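Visitor: My questions all concern the structure below.
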Amino acid sequence: MKRHILPISIILCAIIIWLIALPHMPDKLPTHWGISGEVNGYSSPLLSMIIMVGMLVLIYVLMFALPKIDPKGKQYDLFHRGYFIMMNGLLIMLLAINLMIILYGAGYPIPMGSTGPLIIGVIFVLLGNFLPTVRPNFFVGIRTPWTLSNEKVWRKTHRLGAKLMVSAGIVMMVSIFLPHEWEIVLCTICFVLGLGIPCVYSYWLYKKEASGES
């Protein structure tokens, strides 16, 4: 039951903030920004609240549902601490996005073009720090056909993935101090390499392990 307290508190906090802010919001609330930071999507404040709070609720439900529906559910017991830190970290990041949307709608000059890379960078660092603790399962971690087929490949791939994700996350966070064009290019490269290299590495390592066994 203790594990429910923090995520429920985050959701209730978001609901309360939205209810307080709704009467002061404009008729159309910016909810989507392009890579250059320009607004390219609007919603009504009420719909924005429903969507954003709904995302929080969805993550909360998945947090406790995934270990139950995963055929490898018992594996979650081996990394439960890291798992709940990661999931609660995602909830906190999403709560921060809720706050930024509300503040932007209230007229505060939040640089959304730089805020996005900052948030993604923090998520990468958070996930990367706990990635080595993740045990083989079907929902969390670097799940390629090769990591799921070989526990040694899973373990080594996640060690490499952790280093790459933390490094990519730090670079993303630092990139907000660069000219916006460089920031976009650098973040895109970090995102692709941080997620792509571990997948390629898992295939290479699997083939290496298979040839070694033969």
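Cβ coordinates come from backbone N, Cα and C, glycine included.
Relevant sequence annotations retrieved from TrEMBL are reproduced here:
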- 10-56: domain 'DUF1648' (DOMAIN)
- 5-26: transmembrane segment (TRANSMEM)
- 46-66: transmembrane segment (TRANSMEM)
- 87-106: transmembrane segment (TRANSMEM)
- 118-140: transmembrane segment (TRANSMEM)
- 160-178: transmembrane segment (TRANSMEM)
- 184-206: transmembrane segment (TRANSMEM)
Visitor: With the transmembrane segment (46-66) as the reference, find which of 87-106, 118-140, 160-178 contributes the most Cβ pairs under 8 Å.
Guide: 87-106
Visitor: So what's near the transmembrane segment (160-178) in sequence-distant terms, Cβ-Cβ under 8 Å and 6+ beyond its ends?
Guide: 114, 117-118, 120-129, 131-132, 142, 186-187, 190-191, 193-194, 197-198, 201
Visitor: So what pLDDT does the domain 'DUF1648' (10-56) average out to?
Guide: 86
